[in-house]
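Some features that Swiss-Prot has for this protein:
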- Ser35, Gly36, His37, Asp55, Phe84, Asp105, Gln112: S-adenosyl-L-methionine binding site (BINDING)
Amino acid sequence: MTNEFHHVTVLLHEAVDMLDIKPDGIYVDATLGGSGHSAYLLSLLGDKGHLYCFDQDQKAIDHAQEQLKPYIDKGQVTFIKDNFRHLKARLLEHGVTEIDGILYDLGVSSPQLDERERGFSYKQDAPLDMRMDSQAALTAYEVVNTYDFNDLVRIFFKYGEDKFSKQIARKIEQARAIKPISTTTELAALIKSAKPAKELKKKGHPAKQIFQAIRIEVNDELGAADASIQRAIELLALDGRISVITFHSLEDRLTKHLFKEASTADAPKGLPFIPDELKPKLELVSRKPILPSQKELMANNRAHSAKLRVARKVRK
């Protein structure tokens, strides 16, 4: 399993160290993935500390159960197989009403990208799937073959920010009228054919943004992140911290907006003083996002777009 689930953790020390770990604290890894952040966080906990790990991918949990066995044996880890949008409800089931810190590593993990049959990558021929939870109902196949023209344009533009969204949606509509589009390479070729020649000369794969858009739609990634981060802020104890790693502008803008909203006083301008109940709930630990070091960028190409934002709870 270890070899099958190889994952290089991004911003490992930065994301965990910025949580200011208390040895006896209660922490959450909202995106277990390859368990790199969890392993490092657990190494900083004392015997009374506990970590709750969320992932909707059973393979990630199976891998972590091998990697984190010493901590499991000591009763310091609880795995929860669910979408992190249900974070608060699932933690309440375990009697957890307050946490000292939480970490998010948003986006797709390397094993999911690299596992051909998951259909996340435009670089490998595979069935159109893209589900992070293999038990979920909606697949990329259904999005590509059943969404109408306007809905395709909407998700391509909104989640992929691709200026050729209409042309690509039209190509898909024409192709699927003849036969269903069933593989990643079929879809990638259609996307490429919809773009002008000068666009194809630009750096990066022409299908990258559209694949991202479909993946976000299939997994409702932004909706889940929005709901989860808001619940996480509610759960944080005073002085508790939240670390969020993002990999594209949509995730980063969402995180920045949620942090700004919670770190701004909810009071009209001009008041002589701000009542306690209207004071900000969060304080930004770093005003600008923390970026990977040059050393990390050289060692891990997937770290290039990573950004880390951190905030601290200052009011319940």
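Note that Cβ sites are derived from N, Cα and C of the backbone, with glycine treated the same way.
A map of Swiss-Prot features onto the structure.
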residue	record	DSSP (3 states)
Ser35	S-adenosyl-L-methionine binding site	coil
Asp55	S-adenosyl-L-methionine binding site	strand
Phe84	S-adenosyl-L-methionine binding site	helix
Asp105	S-adenosyl-L-methionine binding site	strand
Requested in this report: Just jot down the residues in the same chain as His37 (S-adenosyl-L-methionine binding site), at least 6 apart in sequence, with C-beta under 8 A of its C-beta; none if empty.
Outcome: Thr9, Leu12, Ala15, Val16, Asp29, Leu103, Asp105
Query raised in the report: Once near-sequence residues are set aside, which residues in the chain of Asp55 (S-adenosyl-L-methionine binding site), 6 or more away, have Cβ atoms under 8 Å from its Cβ?
Result: Thr31, Leu32, Gly33, Ile61, Ala64, Phe79, Lys81
